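Quick look at what TrEMBL annotates:
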{"type": "ACT_SITE", "residues": "139", "note": "active site, proton acceptor"}
{"type": "BINDING", "residues": "64, 65, 66, 67, 117, 118, 119, 120, 130, 131, 132, 133, 157", "note": "substrate binding site"}
{"type": "REGION", "residues": "1-22", "note": "region 'Disordered'"}
Ligand code: 5RP
C-alpha cells in the first residue's frame, strides 16, 4: 500500500508494560514450557493466560470470536471477583450472561482498565486487523474506552505486514459502491460479506466489506484515511487502538509480546 507515511507516534515492540494494580491471577511469564498442539488448544491457553490481566473489582472489556469464547469460559471461574463486563457483540453478551457474568452497557461505566480481544492479524508493533466476526465497530469503541488492549491470538495471526487477511470494513449500505471504488483506486478488491445468500447485517444494522489485495505498511495513516471516507462506519485496522500486549499461543506455550 503506497501513499501513507508512518506517523511519529508509532511505537516499536519492547516497550515496558505497567504493573497491574490488583491482578487476580499471577503472571504466566515464568511458567515452564507448555506444549499445545491444535489451534483450539492454543486459543484455550491464551484465553486462560489473559486472566492475569483482569483487575479485581473492575469491569473488564470483552471482545468477540472463538479465542474470546475461551477467555469467557476462563472468566466464568473468577466471575465473583469482578462486577461484570462490557461486551463487543450480541454473541459475546449471550455467552457472558450464560456464564453468569453481568453485562454493562458501555455508557454505564467509565474508563476500563483492560479490553481483551482476539485479532485476525497482528504485526510487530501491535497493530491489528480485526472484524472477521463482524464486530469491529463495537470492538473499537470498547478498545478506545480502555487503558490497555490485551490481544489474545494463536501464532497463525502474527504477520510482518497487515493485509493478507481480507480487511473488514463496516459500511452504511448506500455508500457501498462508492467505498468499493475508493478501495479499487488503492489496488484493493472489496466484496460485500454474505450470509445465507444475502449481505450480512451487523449488530449495528450495517454491512461489511472484505477487502483483498492491500499491503498496509502504514497502519495509523491508513486507518485515519479510510475512516474519513463518507459511509465508512469503521475500518478494521486497529492502529490507533493497537494492542499493548499480545498473548501469543505457540507450540512452546504462551509468549507475552509487549508493545
Ligand atoms: C471479531 C474479531 C475477532 O477478534 C477476530 O476475528 C479473531 O477471531 P478468532 O478468535 O475467532 O480467530 O475481530 O470481529
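Just so it is clear, glycine is given a Cβ too, placed from its N, Cα and C backbone atoms.
Automated prediction, rather than curation, is the source of TrEMBL annotations.
The shown structure was predicted, so the numbers you read here are calculated from the model rather than taken from an experiment.
Comparing the residue listed as 'active site, proton acceptor' with residue 64 (substrate binding site), their Cα atoms are 8 Å apart once rounded.
For the substrate site listed in the record, the two most distant Cα atoms among 64, 65, 66, 67, 117, 118, 119, 120, 130, 131, 132, 133, 157 lie 15 Å apart. Cβ neighbour count for residue 130 (substrate binding site) (all protein chains, 10 Å cutoff from its Cβ): 30. Ranking the binding-site residues 64, 66 by other CB atoms within 10 A of the CB puts 66 at the bottom. Less than 8 angstroms from the CB of residue 119 (substrate binding site) sit 128, 129, 130, 151, 153, 157, 238, 243, 246, each of them six or more residues away in the same chain. In sequence order, 61, 62, 63, 64, 65, 68, 88, 130, 139, 143, 149, 150, 151, 152 are the residues of the chain that are 6 or more apart from residue 117 (substrate binding site) and have a CB within less than 8 Å of its CB.
In the three-state DSSP reading, the residue listed as 'active site, proton acceptor' counts as helix. Shown in sequence order, 63, 68, 153 are the same-chain residues outside 64, 65, 66, 67, 117, 118, 119, 120, 130, 131, 132, 133, 157 whose Cβ sits within 8 Å of the Cβ centre of the substrate site. A simple way to gauge crowding: the CB of the residue listed as 'active site, proton acceptor' has 32 other CB atoms within 10 angstroms, across all the protein chains here. Long-range Cβ contacts of residue 132 (substrate binding site) within its own chain (separation 6+, distance under 8 Å): 65, 120, 165, 168.
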